[in-house]
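Enquirer: Just passing along the structure, written as structure tokens.
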Amino acid sequence: MILTFQLVFLTCIWITLTPDVFAASEIKKSYQHCSTSMKRAGKHETRMRKNDSTKAWLLKYEQLLHIQDHDFAMRPGFGGSPVPVGIDVQIESIDSISEVNMDFTMTFYLRHYWKDERLSFPSTTNKSMTFDHKLIKKIWVPDIFFVHSKRSFIHDTTVENIMLRVDPDGNVLFSLRITVSAMCFMDFSRFPLDTQNCSLELESYAYTEEDLMLYWKHGNKSLNTDEHITLSQFFVEEFSASSGFAFYSSTGWYNRLFINFVLRRHIFFFMLQTYFPAMLMVMLSWGSFWIDRRAVPARVSLGITTVLTMSTIISGMSASMPQVSYIKAVDVYLWVSSLFVFLSVIEYAAVNYLTTVEEQRQFKTGKLSGMYNIDTVQAMAFDGCYRDSKTEMDPTSFFLPLEEDSMRGRSTGSRSTDSSQIKRRQSSGGHVGRIILENNHVIDTYSRILFPIVYIIFNLFYWGVYV
């Protein structure tokens, strides 16, 4: 609009200064036309300014708030009583909890309330004015920071999430949306049956209690949470707000606000991933007590498998936990379970040694032949299967005579032979079972009872203490 006005003005001057080109009457008419156009342009610009109140307001807000008339590098009421700054928080989400890093990440709305009479302005409607982040750099705002924070940022999608609202009497509301990652000093002595107490601490960085007084705006109701806050491994049991003081030897006392929350861990995940597999490995190791003591490969392979599986479970649990210097509850359970598995292997080593000593003594005295022959003992030591030479079936019994006469002649004899073989096979099964049961070592017999009883007592004591 201003450019148009200048073009019309220059055209009028050019026409006026050009001699002998136009007649005087034409020059007069042109001059009158230019004057009329300039007046119309001026009226149109004035009308546009009146209609576009936004542009006019942007030019006036600094004058209305007297920003140029005051030094906003100083706090309100400098030299007098401390400026009270109220705080309230709306927690949007708890994004993550990290046991390895011992920290948590939280997103929330942080609102500050204070009064700065330098920002008061006259208003007939008594309505407040709302501004964006551009005005923040021109006025005084509280310098709140988060104690023990590792990372923090103000959200800037689609613009910076900052709001400033000023009332006519100078009351100010400063709100922002922020995400903070802060330390949480966790105690894992009862992990994974633990409950963690974490807190986010707010404090003024530069102003001591003599200059700035932080307080919760609405007491315990100043801390609001979303009803749908959920975590994968924790129950959020409680949110609470508290306040206190912090002392620094070089600067003095500061007001400090606390956002406290209690987290109780879900146990079902660890039951499926850690406790149940450990229980199964311990019970599986007990199966070696029921295997014949001369079945060396079967019992040794079972013991080694359970030991290696327990080592894998312990390693997987340790990889997802911080390297703390004290014993955790899950360590107690896993190492005791590993001890039971290890003792089952040691138990068979003792049984095998004592069995070897006993057989050598019986072999020297000639008593071994009544129980087993040498071939049977060697076969059982090799593959764990009892073989009785008397019960081996004659392979020739599977071939039928080719001539019918021979079958007829031997029909009576074959019936008696078949019946004797069936009776022998039936008696051999019971004979083998009786031999195995009668020749179990006394250590195996007691281990079948003692190991389960002691492990059950341990479980009752463990869950009674930690739960």
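Each Cβ is built from the backbone N, Cα and C atoms, and glycine gets one as well.
TrEMBL labels come from automatic prediction, so no person has curated them.
From TrEMBL, for reference:
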SIGNAL    1-23  signal peptide
DOMAIN    67-266  domain 'Neurotransmitter-gated ion-channel ligand-binding'
TRANSMEM  267-288  transmembrane segment
DOMAIN    274-365  domain 'Neurotransmitter-gated ion-channel transmembrane'
TRANSMEM  300-320  transmembrane segment
TRANSMEM  332-354  transmembrane segment
REGION    406-427  region 'Disordered'
COMPBIAS  409-420  compositional bias 'Low complexity'
TRANSMEM  449-466  transmembrane segment
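Help me picture these features in the structure, burial and contacts included.
Expert: Same-chain residues lying 6+ beyond the ends of the transmembrane segment (300-320) with a Cβ under 8 Å from its Cβ atoms: 99-100, 274, 277-278, 281-282, 284-285, 287-288, 291, 330, 334-335, 337-338, 341-342, 344-345, 348.
Below 8 angstroms of C-beta separation, residues 274-275, 278-279, 281-282, 285-286, 288-289, 293, 296, 299-300, 303-304, 306-307, 310-311, 313-314, 317, 441, 443-444, 447, 451, 454-455, 458, 462 of the same chain, each at least six residues beyond the ends of the transmembrane segment (332-354), sit close to that stretch.
Residues 190, 193, 282, 286, 289, 329, 332-333, 336, 340, 343-344 of the same chain sit 6 or more residues outside the transmembrane segment (449-466) yet have a Cβ under 8 Å from a Cβ within it.
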Enquirer: For the domain 'Neurotransmitter-gated ion-channel ligand-binding' (67-266), would you mind checking the mean pLDDT of the predicted model?
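Expert: Residues in the domain 'Neurotransmitter-gated ion-channel ligand-binding' (67-266) carry a mean pLDDT of 91 in this prediction.
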Enquirer: Counting by DSSP, what is the helix, strand and coil composition of the domain 'Neurotransmitter-gated ion-channel transmembrane' (274-365)?
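Expert: Its residues divide into 78 helix, 0 strand, 14 coil.
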